[in-house]
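S.K.: Dropping the structure in here first, questions after.
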C-alpha cells in the first residue's frame, strides 16, 4: 500500500513511467493550450481587449510560456517520453529499459522543470522574450526581470538533462538488450524513429546548453559574449540556438512518424510500403535537418552564397519527407479504403495536415521569399500546421490506438469519437489556415494589436480556437 501511494517516486517499470509521461504531457498541454486561448481572445478584434495598455508585456510573457510548454513539456514528454518508454522495450523484445532508475529520475525532473518555467510568470515583468530568448532583450537588466530569465533557463537545463538521460537509456536498450536474432536491419520503423530521435538529441542538446549558459553568464557575470558594444556577437547566440532549434522540430515529429507508420500498418493488416526506404528517409531527414538551421536567420545579413546553400538544403528535405507521405498513401491504397478505427481517421488527418504544413515550409525555405514573410503570421501558420496539428494529432492517434494497452479497456467506436475527431480537426484548421492570409497581409507576429482591415481573418482564427477548446472538452 505504501508503494502504491508513492508509486510516482518509487516505480521503475517502463510501462508505468510511460503512462506517467503521457499524463504529465496531457496536464502540461492543457496549461499551454489555455494560454493560447487567452492569446486568441485578445486577438479576436483589433485594439487591446483583455490586456491593459500599461501591462502589455503580459502578452509577451503568455506567448513565451505557451511556446516553451507546448514544445518541451507537451509534445516531447508525450511522443518521445510516453510512447518511447512504453513501447521501445516491447518492440526490441526486452523486458525493461537498460537503466530503470535513471528512467525514473528523468521522469521526476519533468514536473520540476515545468514548475521552474511557470515560476517565471511570478516575477515583476516576467520573461517575455519569446521562446528563443534572443539577446540583448534576454540579457538586459532594464526591460525584464532577470530572475524570470534565470528560472526559465534553469528549467530548460533540467528538462534537457532529463531528455539526454532518456536518449542514452533508449540507445543502450536498443544496442544491448535486443532479443536474440533481432538485428538492427529488421527493427520496425517505430523503433528506428526513436533511435534517430535519441541520436539527434544527444548531438544537439549540448549546443543549446552551452548557448543558454553563455546567456546566463552574460546576464550575471559580465562575460559580454553577446554584447556588440564590447566585440560580442548576438548573431552567435542565434546560431547556437537554432543549431538545436531546427533539429528539435524533427525530434518532435520523428516519433510521430513512427506512430503513424505503426497505426496504418496495423489497422489495415499490411506491411508498410517501402519499409526500408521509410527508415532511410528518416535518416536523411535527421542529417539534412541538422544542417539547415540558418534558414531561421535569412534576415540577419547573410551573404548570398550562404542563403543559396541553406535554401537548397532546406528544400532538399522535402524529398525524404515526400517519400514518407507517398509510402503511407500507397499502404492505404492497397486496402479497401475503409476507416476501421478512429485512429485510422486521425492518421489520415495527420497525413493531410503534415503535407500542407510541409508545402508551406518549402515556400518559407526560399531565402528570397522568406525576407518578405519573416516574423509574420505565415511563419506561425506553417509551424503550427506541422506541430500544433501534426504532432498533437499523432499524440491523440497513439492514445486512441493503444488505449487497450494504456488503460486496460477499449472505448466504444461510436459517433462521438468520430465527431470529436472532425470537430478538433476543423477547429485547428480554422485557427491556422487564415493565418497564411494574415502573413500575406504582413501582420507581424508577437504583437497584440493590428489594423482594423485584418479583423475578419483574426475573428475566424479565434472562432477556430474556441471550436478546438470545445473539441478537447469532449475528448475521452
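Cβ coordinates come from backbone N, Cα and C, glycine included.
As annotated in Swiss-Prot:
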- 66, 384: Fe(II)-heme a binding site (BINDING)
- 246, 295, 296: Cu cation binding site (BINDING)
- 374, 375: Mg(2+) binding site (BINDING)
- 19-39: transmembrane segment (TRANSMEM)
- 61-81: transmembrane segment (TRANSMEM)
- 105-125: transmembrane segment (TRANSMEM)
- 144-164: transmembrane segment (TRANSMEM)
- 194-214: transmembrane segment (TRANSMEM)
- 240-260: transmembrane segment (TRANSMEM)
- 278-298: transmembrane segment (TRANSMEM)
- 309-329: transmembrane segment (TRANSMEM)
- 345-365: transmembrane segment (TRANSMEM)
- 379-399: transmembrane segment (TRANSMEM)
- 415-435: transmembrane segment (TRANSMEM)
- 455-475: transmembrane segment (TRANSMEM)
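Looking at the shown structure, what environment does each listed feature sit in?
M.R.: In the three-state DSSP classification, residue 66 (Fe(II)-heme a binding site) falls within a helix.
Cβ-based neighbour count (10 Å, all protein chains) for residue 296 (Cu cation binding site) stands at 20.
Secondary structure at residue 374 (Mg(2+) binding site), taken from DSSP and collapsed to helix, strand or coil, is coil.
Proximity of distant same-chain residues to the transmembrane segment (19-39), defined by a Cβ-Cβ separation under 8 Å and at least 6 residues beyond the stretch ends, is recorded for 8, 50, 59, 62-63, 65-66, 69-70, 73-75, 77-78, 81-82, 85-86, 107, 110-111, 114, 118, 392, 395, 399, 406, 465-466, 468-469, 472.
Sequence-distant contacts of the transmembrane segment (61-81), counting only residues of its own chain at least 6 positions beyond either end whose CB sits under 8 Å from a CB of the stretch, comprise 18, 21-22, 24-26, 28-29, 31-33, 35-36, 38-39, 106-107, 110, 113-114, 117-118, 120-121, 125-131, 152, 156, 159, 163, 166, 194, 197, 248, 251-252, 255-256, 259, 387-388, 391-392, 394-395, 398, 446.
Remote same-chain residues near the transmembrane segment (105-125) are listed as 8-9, 17, 20-21, 24, 28, 31, 57, 61, 65, 68-69, 72-73, 77, 81, 143-145, 147-149, 151-152, 154-156, 158-159, 161-163, 165-166, 169 (criterion: CB distance under 8 Å, separation of at least six residues from the stretch ends).
Residues 80, 83-84, 88, 133, 153, 156-157, 160, 163-164, 166-168, 170-171, 174, 187, 223, 225-226, 237, 240-241, 243-245, 247-248, 250-251, 254-255, 258, 282-283, 286, 289-290 of the same chain sit 6 or more residues outside the transmembrane segment (194-214) yet have a Cβ under 8 Å from a Cβ within it.
Proximity of distant same-chain residues to the transmembrane segment (345-365), defined by a Cβ-Cβ separation under 8 Å and at least 6 residues beyond the stretch ends, is recorded for 253, 256, 260, 263-264, 267, 292, 295, 311, 314-315, 318, 321-322, 325, 328-329, 332, 339, 373, 378-379, 381-386, 389-390, 393-394, 396-397, 400, 418, 421, 425, 428-429, 436.
Sequence-distant contacts of the transmembrane segment (415-435) (same chain, at least 6 residues past either end, Cβ-Cβ under 8 Å): 40, 342, 345-346, 349, 353, 377-378, 380-381, 384-385, 388-389, 392-393, 396, 400, 457-458, 460-461, 463-472, 474-476.
Panel annotation: around the transmembrane segment (455-475), residues 30, 33, 36-37, 40-41, 43-46, 396, 416, 419-420, 423-424, 426-432, 434-435, 437-438, 441 of the same chain, lying at least six beyond its termini, place a Cβ under 8 Å from a Cβ of the stretch.
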S.K.: Taking only same-chain residues 6+ apart in sequence, whose CB is under 8 Å from that of residue 246 (Cu cation binding site), what do you get?
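M.R.: The list for residue 246 (Cu cation binding site) reads 289, 290, 292, 293, 295, 296, given in order along the sequence.
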S.K.: What's the CA to CA span in angstrom from residue 375 (Mg(2+) binding site) over to residue 384 (Fe(II)-heme a binding site)?
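M.R.: Per the Cα atoms, residue 375 (Mg(2+) binding site) and residue 384 (Fe(II)-heme a binding site) stand 14 Å apart.
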S.K.: For the transmembrane segment (379-399), I need the partner stretch with the highest count of C-beta pairs below 8 angstroms, choosing only from 144-164, 240-260, 278-298.
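M.R.: Ranking 144-164, 240-260, 278-298 by Cβ pairs under 8 Å to the transmembrane segment (379-399) puts 240-260 first.
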S.K.: For a quick check of packing: other C-beta atoms within 10 Å of the C-beta of residue 66 (Fe(II)-heme a binding site), how many?
M.R.: 20
S.K.: Roughly how many angstrom lie between the C-alpha atoms of residue 384 (Fe(II)-heme a binding site) and residue 374 (Mg(2+) binding site)?
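M.R.: On Cα coordinates alone, these residues lie 15 Å apart.
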